[in-house]
């Protein structure tokens with residue numbers, strides 16, 4: 001306050017509110033985890049986009065190039081037992097991982113937001129039903145039920161889309177409970193009561209008053225969902241339940257494992273998709289933590 | 001804890017088990033695959049018996065498994081079987097029952113899980129508590145950071161990296177299996193050492209893969225506890241730093257972590273069985289891997305259900321233990 005009083009009035013007119021992007025960049029400087037996570041993610045996106053423009057996508061599939069070649073100038077990541085160029089496979093695999101993650105994460109968050117709102121807003125039996133279902137499903141190890149679903153399908157029917165679908169089926173409980181608890185606390189705040197008294201409709205309150213305030217939580221829930229979806233799809237694929245022909249990262253590791261890659265000295269085959277997976281999951285984990293800090297200031301570190 | 005609450009928790013446990021069993025019963029039937037026909041069709045191609053014989057065999061097997069009866073009757077019998085932990089026969093290793101298969105591999109999985117979970121929990125919570133403790137020296141707080149970075153690395157990938165560096169590159173430890181090929185299991189010191197040597201890498205993969213999560217949540221807990229009145233009070237009483245850390249700070253921050261342990265059980269178990277499969281240890285994970293590879297559906301479903309029931313029971317047990325640890329819960 002004192003600085004404002006000290007500055008001449010002429011300067012005050014020049015002060016502009018910095019744009020949202022500038023504010024976000026400034027925030028990133030304080031929230032280092034989020035910054036590093038976003039940076040890695042941007043690099044991965046760049047890798048995939050540039051890759052998709054330069055590779056021959058056919059080389060990501062079996063019998064397209066010379067087999068079992070270690071990394072070289074021609075094949076920067078080497079080729080595998082089945083004659084896939086692992087560089088092409090990484091590009092296509094990352095793209096597929098992103099597709100599964102965004103699709104499953106998006107749908108899961110959407111279901112979570114709708115159910116969470118219904119649960120918190122309508123209360124009574126709607127709330128009781130949704131809450132009970134979530135509570136009953138939570139102790140069940142979701143990944144194992146996904147194993148049952150994926151295992152019951154004919155291997156030829158499993159595609160990237162079905163993977164996303166399998167993940168979504170059991171992945172909406174988390175966001176539902178998070179959104180529900182947040183809406184519950186918001187409902188009691190004064191600005192909502194004021195809006196209600198001044199005759200704003202239920203929908204108006206939801207979309208104009210509550211939803212904008214929930215955006216950080218929804219963003220955090222979305223990233224958590226994408227993380228969970230990528231993780232689940234990876235685990236299913238590592239177990240040999242993915243679309244076997246596709247160069248999904250987990251599938252490549254599964255194939256390398258089945259062919260005894262380390263025993264035979266083809267070390268690059270499982271290592272390259274592993275590193276790619278670490279980068280993907282690591283960046284998502286960092287972003288998730290960073291957003292949590294943004295949404296719950298209580299977690300913010302005391303400097 | 002009063003009786004009403006105990007009854008409520010037990011009923012909830014039964015509902016969870018019922019829900020899981022129902023999902024596992026109906027999903028395969030929705031997919032419309034006939035596991036028996038697929039299995040015996042495979043055998044017929046390699047074994048060379050006639051299609052007519054095949055039909056007879058399938059019909060008699062279906063009768064034996066009760067698959068010719070109406071669905072509700074099958075469901076009813078199935079629920080009864082689950083209560084007796086009877087998961088039917090393995091298709092691949094018929095006539096071994098799935099329960100027998102699980103019983104054989106269970107000790108391996110329990111051993112690995114118990115040791116790694118306790119290690120990860122203790123190490124992670126101590127590191128997390130120190131990381132959030134303002135009076136701890138800087139280097140001590142710094143130790144936690146690399147472990148936090150590990151949270152993004154799933155145990156399976158940790159296992160692959162360990163296999164690569166320790167097993168393949170430096171040749172320090174074996175590349176998998178439960179004991180060296182050619183040795184006969186005996187109760188000799190040499191064999192036990194060999195056995196332990198094969199458990200180090202999978203164990204390390206699980207500990208390193210899960211310790212970061214505990215560090216993170218404990219650090220979060222620690223930060224919120226610092227402002228509490230009882231910590232301030234202890235400080236004003238002039239207690240030593242170590243005493244405050246142990247009795248006031250760690251003890252109270254620990255309690256929610258125990259609930260966290262119950263919640264994390266499901267994912268811990270899942271990670272353990274997948275890592276087990278990676279290293280080819282003879283536990284439930286390898287059993288599941290083999291079952292998936294050979295389309296042995298009853299074994300897949302049996303293992304999934306067994307683990308689900310085990311996790312649900314353990315979670316309930318932790319909740320019953322909780323009041324013993326936390327006087328605040330006991331009194332309310």
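Glycine residues also receive a Cβ, built from the backbone N, Cα and C atoms like all the rest.
According to TrEMBL, the domain 'ABC transmembrane type-1' annotation covers B:106-322.
Taken from TrEMBL, the feature transmembrane segment covers B:6-27 (among others).
Sequence-distant contacts of the transmembrane segment (B:110-133) (same chain, six or more residues past either end, CB-CB distance under 8 Å): 140-141, 143-145, 147, 199, 202-203, 206-207, 210-223, 226, 245, 249-250, 253-254, 257, 261, 268-269, 272, 276, 281, 283. The feature transmembrane segment is assigned by TrEMBL to B:110-133 (among others).
The feature transmembrane segment is assigned by TrEMBL to B:139-165 (among others).
Annotation comment: TrEMBL describes B:172-193 (among others) as transmembrane segment.
The list of residues near the transmembrane segment (B:199-216) in space but at least 6 beyond its ends in sequence, with Cβ under 8 angstroms from a Cβ of it, reads 111-112, 115-117, 119-121, 123-125, 127-128, 131, 144, 147-151, 153-159, 162-163, 166-167, 173-174, 257, 260, 264, 268, 271-272, 275-276, 278-279, 281. For B:199-216 (among others), the entry in TrEMBL reads transmembrane segment.
According to TrEMBL, the transmembrane segment annotation covers B:258-279 (among others).
Here TrEMBL flags B:299-322 (among others) as transmembrane segment.
Recorded stretches compared: B:6-27, B:139-165, B:299-322; the one with the most Cβ pairs under 8 Å to the transmembrane segment (B:258-279) is B:299-322.
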